[in-house]
């Protein structure tokens, strides 16, 4: 599903929230991100500031959390001290391989991971919403610098 302002508005209204200009602007930023790019709250704040969109950092944090709870964004732990976010596109499942030294992140697809997630959630009586695997390791470049 591709999220639009209309679908976001409908989802928010269903849950008793409204589509504010700030929420719509944040959604637009994520829709326009290049594939494979993830933003932290601070990254998003700086991006919006550079576009003269004065949205406070606290509003950004609240909006990111809300959109993640609603399933519009995926919250990612990319081996840094803060979360990153990306647009959740259910038909584009992918996983992350992260270097713990330099934070380089590679996205990859694996039908096996998705099948295991689906099978496990079904076995336990869960309805699968998302399935993601994050692998932490040391990239080849950082391995060479450790020698």
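Using the three backbone atoms N, Cα and C, a Cβ is placed for every residue, glycine included.
As annotated by Swiss-Prot, Zn(2+) binding site applies to 38, 86, 96, 99, 102, 107, with the evidence given as similarity to another entry. The Cβ of residue 102 (Zn(2+) binding site) has 13 neighbouring Cβ atoms from other residues within 10 Å, across all protein chains displayed.
What Swiss-Prot lists as Fe cation binding site is 93, 95, and the listing cites similarity to another entry. The Cβ of residue 93 (Fe cation binding site) has 109, 113, 114, 130, 131, 132 as same-chain neighbours under 8 Å, each 6 or more residues away in sequence.
Taken through DSSP, the region 'DNA-binding' (1-90) splits into 45 helix, 11 strand, 34 coil. Under the heading region 'DNA-binding', Swiss-Prot lists 1-90, citing similarity to another entry as support.
According to Swiss-Prot, the region 'Dimerization' annotation covers 91-147, on the basis of similarity to another entry.
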Segment confidence, the region 'Dimerization' (91-147), expressed as mean pLDDT: 85
